[in-house]
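As recorded in TrEMBL, the features of this protein are as follows:
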type	residues	note
ACT_SITE	CYS110	active site, proton donor
ACT_SITE	CYS110	active site
ACT_SITE	CYS261	active site, proton acceptor
BINDING	ASN37, ASN101, GLY111, ASN112, ASN195, ASN228, GLU252, ARG253, GLY262, THR263	substrate binding site
Amino acid sequence: MTSPAATSTPSTAPEHRAAVLAGLAGLPFAKGHGTGNDFVLVADGAGERVLGEAEAAALCDRHLGLGADGLIRAIRSAELPEGRAVLAEEPAAEWFMDYRNADGSLSEMCGNGVRVFVAFLIDQGLVQLAPGEVLAIGTRAGVKRVERRGEGFAVDMGPWEFIFPAEAQRDAADSQVTAVGLDVPRPALSVSMGNPHTVVALAEAAELTGLGLHTAPGVEPLPPHGTNVEFVVPAEPLVAGGTGTITMRVHERGVGETQSCGTGACAAAVAIRHWAGPGATDRWSVHVPGGTVGVTFVPGPEGREHVELAGPAAIVAHGTLG
Ligand SMILES: N[C@@H](CCC[C@H](N)C(=O)O)C(=O)O
């Protein structure tokens, strides 16, 4: 499995962006989103395109490129080393979601992205998926099973993990987070959904709206590969059998503030349920600026608890790089 994000940042100079985009002339693309988390999508089944860090950053540039939170390439799993590792686990995972953040860095997983990815495969006629059917998708966080459900998709995101398990169990918080708009550092809990997250609970909606997320929050200690930071306000009921409600804003690693983060919503539900203690509900609605996603804790086939993420996915445009 590839470890995350390259650490160097591609040049943001306009002439560099223009040169990279000129090299992509003629490239067909689509634009899609899941609850406002938006992506440029490219079908490159045989892996013939050069779509690395510089290309992703240029395409995702909101002023000089197409503009998106990330680039998703649909490539056959057999064409990538990470994909071949996935095929050894699940031979049915023909398609691999090759995801990069807006700054060009790799991430292991994108929860909104994988729903939009499947919508794109259907849109391109690369797969057919009837309501209730499940498609196995290769990702850098392993195989994800995506079910077509209602107006969108439900994804088995696999098991969650604490990033600092000893501290999380002992103190219910493992780090401190600072951000523009917060008077003092706040305790936080770091959760892996394949990619890293740090969740901070705030007391009220006014604190959430008052945050300045144009500046990256500070996290101490920082998880080894950086982190996405979710600020959350939970609301009642949190009790078993009910649906817990969370309002969330997020600052994403490699992007900045986004309208939504699927893996972040899952991490938020993990942290809030942990803080609520025994008897808390397994079903959550997470409200983000771009809409609402559902998070449910379910038993996994191997005996571990899995997280299911459900939400919409839309393909809104098709085009060709000029
Ligand atoms: N920025 C994230 C990757 C993208 C997460 C995504 N928005 C989601 O919906 O899960 C990272 O670097 O881990």
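We number each residue from 1, going along the chain as drawn.
Cβ atoms are placed via backbone N, Cα and C, with glycine included.
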List the residues in the vicinity of the substrate site, defined as same-chain residues other than ASN37, ASN101, GLY111, ASN112, ASN195, ASN228, GLU252, ARG253, GLY262, THR263 with C-beta within 8 angstroms of the site's C-beta centre.
SER107, MET109, CYS110, GLY113, VAL250, VAL255, THR258, CYS261, GLY264
For substrate, with binders ASN37, ASN101, GLY111, ASN112, ASN195, ASN228, GLU252, ARG253, GLY262, THR263, what's the maximum Cα separation in whole Å?
16
Give the helix, strand or coil assignment DSSP yields for GLY111 (substrate binding site).
helix
Let me spell it out: for each of the active-site residues (CYS110, CYS261), count the other Cβ atoms within 10 Å of that residue's Cβ, using every protein chain shown. Which one has the most?
CYS261
Long-range Cβ environment of GLY111 (substrate binding site), under 8 Å and at least 6 residues apart:
VAL155, MET157, MET193, CYS261, GLY262, THR263, GLY264, ALA265, CYS266, VAL293, LEU309
Other CB atoms within 10 A, centred on ASN37 (substrate binding site):
32
Count the other Cβ atoms sitting within 10 Å of the Cβ of GLU252 (substrate binding site), across every protein chain shown.
28
Taking DSSP as the reference, which of helix, strand or coil describes ASN195 (substrate binding site)?
coil
Name the secondary structure element type, per DSSP in three states, that contains GLY262 (substrate binding site).
helix
Cβ neighbours of GLY262 (substrate binding site) where a neighbour is any other Cβ within 10 Å:
28
Around ASN195 (substrate binding site), how many other C-beta atoms are within 10 angstroms of its C-beta?
30
Rounded Cα-Cα span from ASN37 (substrate binding site) to CYS110 (active site, proton donor), Å:
10
